[in-house]
Amino acid sequence: MAASRNGFEAVEAEGSAGCRGSSGMEVVLPLDPAVPAPLCPHGPTLLFVKVTQGKEETRRFYACSACRDRKDCNFFQWEDEKLSGARLAAREAHNRRCQPPLSRTQCVERYLKFIELPLTQRKFCQTCQQLLLPDDWGQHSEHQVLGNVSITQLRRPSQLLYPLENKKTNAQYLFADRSCQFLVDLLSALGFRRVLCVGTPRLHELIKLTASGDKKSNIKSLLLDIDFRYSQFYMEDSFCHYNMFNHHFFDGKTALEVCRAFLQEDKGEGIIMVTDPPFGGLVEPLAITFKKLIAMWKEGQSQDDSHKELPIFWIFPYFFESRICQFFPSFQMLDYQVDYDNHALYKHGKTGRKQSPVRIFTNIPPNKIILPTEEGYRFCSPCQRYVSLENQHCELCNSCTSKDGRKWNHCFLCKKCVKPSWIHCSICNHCAVPDHSCEGPKHGCFICGELDHKRSTCPNIATSKRANKAVRKQKQRKSNKMKMETTKGQSMNHTSATRRKKRRERAHQYLGS
């Protein structure tokens, strides 16, 4: 499931290596991990801080992990804010109201009853996106209802369900059949027997469909996805309602144990995780979640296998490469362009933006992964990997350097290959688009300005945090002083008013006497 924000450019700007605007939002780890984060309808919230270049950090706050738009989840709480019992009770009630109308057990029971119905009685409400039992028909008589739902249709729920379209929260861009079939064939060729599908519903259903139609295929799949609608199509051992931004299982320990058992089956052998997160999501919380899944997998490993890594395919735009490799240094990016059915830009060929920017990041050696030559991929002997047709090997860089599928040009001044549309700017002293602003947003670290790292990994971050803490304390003292002066002024005003009142009373008594 891939999500876009307000257009391709916004996502590319956020993911570009080292490219930082005048401000940004970062996820921070709480000082005391033992203190649980407050809950919103999507599980534990994340702690954020706004960072502005040249200015200090502002007050930290908790917000929803899954929703980038306050209209979708308006949770907001300052880190140091104390809530009353009434507000906490109201929040808990709101969180309960926002949960799916049916429990996981109820969904399974309804599904088992549904598949036993004759074809003429199998109905699906397209308005409510729900499988209907005969007792439900009356409540949906005014809705748009699809009849004669076949078993084949039940096995392809991603084609029955309308894709969620909120771009900032959970927009669903589903793998095109070409890319999905390539992934299934590749997983089979690499010898994997189990696939943990994190946010990849179409891959999950194609794996199950292939297994049901091909006796030679023994690949099993478990889907973890935030879209609870899939719970009505799968048994408990095939689907878990899950938020990948905070590692939250909506159905609690039962679902967690399903995932754990799947990861640790056969002592963790023969499994791979394939994930397709929303592109608008922050890389850091995703990396933290994936490391928790890796740790769960490692629990089933013997001491001799402690050096092994869980094989992973992380499907994401190529301009997030530096961010992903920051958290997973063993990952490499493949040239394969992943397509999506319902996205006008993320498509293979020349119908999309500059062909699909979506790639596969993996810790599997690239020389083991064969890309389809009929789609224009070729093997580069010096690089020992498959590359796209126009990705030419650069002798100076000793690499096939293109990231976007076009032929890149080597810049002798920058000492690296750059996009064909870029030119070298003598003012900026690096290559950039021809119409760029030389006085535009600076690149690099917010703290020291260096280009080779982010603020979170800056060697000067401790000094910066001490300075920020001192500034916050100074601001707090100033705020407290202003409050005291205001209170003092109000007290003095009250005293003066009391004195005036007493003087008037004495004057009235004097005049009356």
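We number each residue from 1, going along the chain as drawn.
The backbone N, Cα and C atoms fix where each Cβ goes, glycine too.
Mean predicted confidence for the zinc finger (40-82): the pLDDT average there is 87. What Swiss-Prot records for 40-82 (among others) is zinc finger, and it gives sequence analysis as the kind of evidence.
Annotated Zn(2+) 2 binding site per Swiss-Prot: CYS125, CYS128, HIS140, HIS143, in sequence order, evidence recorded as experimental evidence. Within 10 Å of the C-beta of HIS140 (Zn(2+) 2 binding site) we count 17 further C-beta atoms, all protein chains included.
The Zn(2+) 3 binding site feature in Swiss-Prot is assigned to CYS380, CYS383, HIS393, CYS400. When Cβ atoms from all protein chains are considered, those within 10 Å of CYS383 (Zn(2+) 3 binding site) total 16, not counting its own.
Sequence annotations record features per position, and here Swiss-Prot assigns domain 'DHHC' to 395-447.
What Swiss-Prot lists as Zn(2+) 5 binding site is CYS411, CYS414, HIS424, CYS431. With a 10 A radius on its CB, CYS411 (Zn(2+) 5 binding site) counts 16 other CB atoms from all the protein chains.
Marked as Zn(2+) 6 binding site by Swiss-Prot on the basis of experimental evidence: CYS425, CYS428, HIS436, CYS438. Cβ-based neighbour count (10 Å, all protein chains) for CYS425 (Zn(2+) 6 binding site) stands at 15.
Per Swiss-Prot, zinc finger is recorded for 443-460 (among others).
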Given the recorded Zn(2+) 2 site (CYS125, CYS128, HIS140, HIS143), which additional residues of the same chain have their Cβ within 8 Å of the Cβ centre, ordered by sequence?
GLN126, THR127, GLN130, LEU132, ASP136, GLN139, GLN144, VAL145
Return the residues near CYS125 (Zn(2+) 2 binding site) by Cβ distance under 8 Å, restricted to its own chain and a separation of at least 6 in sequence.
LEU131, LEU132, ASP136, HIS140, HIS143, GLN144, VAL145, LEU146
Translate the DSSP assignment of HIS143 (Zn(2+) 2 binding site) into the three-state scheme.
coil
Three-state composition of the domain 'DHHC' (395-447), taking helix and strand from DSSP:
0 helix, 15 strand, 38 coil
Please report how many Å separate the Cα atom of CYS438 (Zn(2+) 6 binding site) from that of CYS431 (Zn(2+) 5 binding site), as a whole number.
11
